[in-house]
Amino acid sequence: MGRADPEEGQLPAPVKPPDGGWGWIVLLGCFVITGFSYAFPKAVSVYFKELMKDFHVGYSDTAWISSIMLAMLYGTGPVCSIMVNQFGCRPVMLIGGLLASSGMILASFTTNIIELYLTAGVLTGLGMALNFQPSLIMLGTYFDKRRPLANGLAAAGSPVFLSSLSPLGQVLLEKFGWRGGFLIMGGLLLNCCTCGAVMRPLDMGMKRKMEKAQDKYEAKEMLPIGGKSEEGISTTDGTKKAKKVKKKPKKGKKLLDFSIFSNRGFIIYTISKFILVLGLFVPPILLVNYAKDTGVPDTEAAFLLSIIGFIDIFARPACGMVAGLKWVRPHVAYLFSFAMLFNGLTDICSARASNYTGLVIFCVFFGISYGMVGALQFEVLMAIVGSQKFSSAIGLVLLIEAFAVLIGPPSAGRLVDALKNYEVIFYLAGSEVVLSAVFLAMATYCCLNRGKKEPPPEKNPSAGGGSDTEEAESDVQEAEEHSSDNHQPTHSTDNAVVAASEEANHVAEEQSGEGGGCPEGDGQVLAQDGCNADQTVERDSF
């Protein structure tokens, strides 16, 4: 996607992730945003009975509030990608926090269910979408080596907030009614603005200041006399302006990069994720009613979801730690396939559970597998496309998932109404999850591993997003051009060229993989061991 300047409304050039420092504050913000995004649509369900009484509507009418929130969260992915690529993560998150809060505040003054759809559903859902996606992008920017652990910790925000927002909503409903509860919930969503404010982009300004100071110092060294020195400084500034004019054609940035569809790994991931979502959310949605039909009391049936949430809290960080191990991370796609297979088999084996003990055992294993899937899903996507194209990739993936969300759970509900049998639904949902796991593992092994053996095709670096090494090499060329423009082969100019060359070599060594072959990178990566230095290959494997 090329190099861009923050002052031009574009994302900053790629820099080495610090894997700590301010990144832990970014991780905390992502934890809060993830919790609100996934838990809030479920937490508002505690107000549904009061809404049914005040607006004289049915349960299905009020359930559309949560459905619209989730549809906005998934379906507006490309819109979020375009806004992030144009304005950056922090402004988009600040706007999203204001929209989410204002939606719930306005919902407290509504007089009919349609107004609730537009305020609590559309406005709040859009605001949470504008927070969720940029927070994941910033997390991938600040973490590289510890990224699996960071993704696992951030994903743990979903079960933590779900276990806290629902009881809080019940307390607010009892003391202030649903209007007061919506108003206070809107105030809580203003914390999304705080989380957006801490999403500080990795700044390249210091590097530019050093380069500017070095150019002025070199001009003074070459022309020490007063008038000539000023002339030399003006000549250097004119040369820098000329270089900026030359750079402008390279700074074009796509608002939504569709070139990721040429990546076979992304295509495989998208198909498997679509199949996964068809059945992943069905068991927890139907679990309570399934338990009640088997004779379990209402309070004990509701406690089953608490068991899943409690196990989920610990499963996600633990899975992130495992995925970050040196011998596991190169094969994280297979770990993701195992998590999906584990989840699908859990659904199938629980279909015949006929007592409360069997359902508790199902909830324990489902919480583990569900947490593994939640911790790995975005880590695998980051590993496929890299951080530079992740903003476009996640938007397109969420849009595709939106269709699966609108197909899977509603279809399962209709089958339950028609067949009056939950076993068939659990078998069907488990089979869909197992199919997605088998497809991802087989396609990764057959297609991508076979593709690695083929010679890497040559590709024009200017067509897509260059790596850090390519940018360092461009700095070498710029330094050489600067030297030829001045027509003075001074010692300081030669040092600039040598320093830029050493920078290119240093970045290339940092990007080399742990094993043999070509190293991993974002978008396009520099080839190694048999690949020429000027040759790039498209990253199409995990």
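Keep in mind that glycine also has a Cβ here, set from the backbone N, Cα and C atoms.
Curation plays no part in TrEMBL annotations; they are all automatic predictions.
Sequence-distant contacts of the transmembrane segment (21-40) (same chain, six or more residues past either end, CB-CB distance under 8 Å): 69, 73, 93, 100, 124, 128-129, 131-132, 135-136, 138-139, 142-143, 150, 153-162, 165-166, 185, 189, 191-192, 194-196, 198-200. If you look up TrEMBL, you'll see 21-40 (among others) marked as transmembrane segment.
Residues annotated as domain 'Major facilitator superfamily (MFS) profile' in TrEMBL: 23-448. Taking the domain 'Major facilitator superfamily (MFS) profile' (23-448) as a whole, pLDDT averages 83 in the prediction.
Among the features that TrEMBL reports, transmembrane segment is placed at 63-84 (among others).
Here the transmembrane segment (91-110) has long-range neighbours at 33, 36, 80, 83-84, 116, 119-120, 122-131, 134-135, 179-180, 182-183, 185-187, 189-197, 199, meaning same-chain residues at least 6 beyond its ends whose C-beta is under 8 angstroms from one of its own. Residues or ranges marked as transmembrane segment in TrEMBL: 91-110 (among others).
Proximity of distant same-chain residues to the transmembrane segment (116-137), defined by a Cβ-Cβ separation under 8 Å and at least 6 residues beyond the stretch ends, is recorded for 29-30, 33-34, 36-37, 40-41, 44, 51, 55, 64-65, 67-74, 76-77, 79-81, 83-84, 89-90, 92-93, 95-104, 106-107, 110, 154, 182, 189, 192, 195-196, 199, 378, 387, 390-391, 394-395, 398. Annotation comment: TrEMBL describes 116-137 (among others) as transmembrane segment.
Packing against the transmembrane segment (181-202) from elsewhere in the chain are residues 6, 11-12, 15, 17-18, 22, 25-26, 28-30, 32-33, 36, 40, 44, 47, 88-90, 92-94, 96-98, 100-105, 107-108, 120, 124, 127-128, 131, 134-135, 138, 141-142, 169, 172-173: each is 6 or more residues past its ends and has a CB under 8 Å from a CB in it. The transmembrane segment annotation in TrEMBL covers 181-202 (among others).
Among the features that TrEMBL reports, transmembrane segment is placed at 266-291 (among others).
Annotated transmembrane segment per TrEMBL: 303-325 (among others), in sequence order.
Summarising the annotation, TrEMBL assigns transmembrane segment to 332-353 (among others).
Marked as transmembrane segment by TrEMBL: 359-378 (among others).
The transmembrane segment annotation in TrEMBL covers 390-412 (among others).
The annotation transmembrane segment is assigned in TrEMBL to 424-448 (among others).
Summarising the annotation, TrEMBL assigns region 'Disordered' to 453-542.
If you look up TrEMBL, you'll see 468-478 marked as compositional bias 'Acidic residues'.
Annotated compositional bias 'Polar residues' per TrEMBL: 486-495, in sequence order.
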Proximity of the transmembrane segment (359-378) to the transmembrane segment (63-84), 3+ C-beta pairs under 8 angstroms: no
Stretch-level contact, the transmembrane segment (424-448) and the transmembrane segment (303-325), CB cutoff 8 A, at least 3 pairs: no
Touch test for the transmembrane segment (63-84) and the transmembrane segment (303-325), at least 3 Cβ pairs under 8 Å: no
Recorded stretch that, among 266-291, 332-353, 390-412, has the most CB pairs under 8 Å to the transmembrane segment (303-325): 266-291
Same-chain residues near the transmembrane segment (390-412), Cβ under 8 Å, at least 6 residues beyond its ends: 11, 70-71, 73-82, 84-85, 133, 136-137, 140, 254, 256-258, 260, 266, 269-270, 273-282, 285-286, 378, 381-382, 384, 425, 428-429, 432
Beyond the flanks of the transmembrane segment (266-291) by at least 6 residues, Cβ under 8 Å: 260, 300-302, 304-305, 308, 340, 343-344, 347, 350, 356, 359, 363, 366, 370, 373, 377, 380-381, 384-385, 393, 396-397, 400-401, 403-405, 407-409, 412-413, 416, 422, 425-426, 428-433, 435-437, 439-440, 443-444, 447-448
